[in-house]
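Visitor: My questions will all concern the structure given below.
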Amino acid sequence: MNVYEGSLVGTGLKAALVVARFNSLVTEQLLVGAADALRRHGVADGDVDVFRCPGTFELPAVLRRVVATGRYDAVVALGAVIRGGTPHFEYVSAEVTKGVAHVAMEAGCAVAMGVLTCDSMEQALERAGVKAGNKGAEAAAAAVEQANVLRAIARAPARKAE
């Protein structure tokens with residue numbers, strides 16, 4: 001049995017962070033966490049590009065364009081959808097999740113989801129690292145690991161049919 005896993009070593013990886021501007025109090029903290037995690041895992045600052053889009057709903061379209069350039073090993077979507085008094089939250093959350101998943105399935109690189117869907121601003125800030133933990137950092141670490149497992153798959157020897 002052969003086991004292929006991705007490591008958390010980001011040396012030599014090129015990464016992109018796609019960040020929604022709406023709810024910037026939260027998304028800027030996600031960005032700080034993601035950038036810090038990439039740095040801690042060995043991705044050079046010069047190998048990280050940040051792309052900003054107006055809101056979380058727009059993330060999948062920008063994400064798709066960034067992935068299509070073929071310049072990145074890992075791409076992370078960062079945004080925040082906060083529940084209000086209308087069904088808008090459900091629509092946006094569902095469509096963004098589907099959109100990011102669709103891009104991830106078609107991508108030739110690692111794509112990670114760092115989009116918060118929260119019931120309140122307080123909850124969003126907690127998940128963005130104001131109290132503890134940062135979902136942006138977690139998504140960036142997942143992207144590094146995924147990029148490395150995709151590399152391992154590409155290098156895996158072909159098996160003979162029996």
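Glycine is treated like the rest: Cβ placed from N, Cα and C.
Fair warning: this is a prediction, and the values are worked out from it, not measured in the lab.
OK, Swiss-Prot features for this one:
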type	residues	note
ACT_SITE	His88	active site, proton donor
BINDING	Phe22, Thr56, Phe57, Glu58, Ala80, Val81, Ile82, Met113	5-amino-6-(D-ribitylamino)uracil binding site
BINDING	Gly85, Thr86, Arg127	(2S)-2-hydroxy-3-oxobutyl phosphate binding site
Visitor: Looking at the recorded positions Gly85, Thr86, His88, Arg127, whose Cα is closest in space to that of Phe57 (5-amino-6-(D-ribitylamino)uracil binding site)?
Guide: His88
Visitor: Between Val81 (5-amino-6-(D-ribitylamino)uracil binding site) and the residue listed as 'active site, proton donor', how many Å separate their Cα atoms?
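Guide: That comes out at 10 Å between the alpha carbons.
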Visitor: With the (2S)-2-hydroxy-3-oxobutyl phosphate site defined by the record as Gly85, Thr86, Arg127, how many Å span the farthest pair of C-alpha atoms?
Guide: 23
Visitor: Around Gly85 ((2S)-2-hydroxy-3-oxobutyl phosphate binding site), how many other CB atoms lie within 10 A of its CB?
Guide: 6
Visitor: Just checking, which of Ala80, Val81, Ile82 (binding-site residues) has the fewest C-beta atoms within 10 Å of its C-beta?
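Guide: Ile82, out of the binding-site residues Ala80, Val81, Ile82, has the fewest neighbouring Cβ atoms within 10 Å.
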Visitor: What whole-number Å value do you get for the CA-CA distance of Thr56 (5-amino-6-(D-ribitylamino)uracil binding site) and His88 (active site, proton donor)?
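Guide: Answer for this pair: 12 Å between alpha carbons.
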Visitor: Taking only the Cα atoms, work out how far the residue listed as 'active site, proton donor' lies from Met113 (5-amino-6-(D-ribitylamino)uracil binding site), in Å, as a whole number.
Guide: 20
Visitor: Can you check what DSSP calls Val81 (5-amino-6-(D-ribitylamino)uracil binding site), collapsed to helix, strand or coil?
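Guide: Its secondary structure by DSSP: strand.
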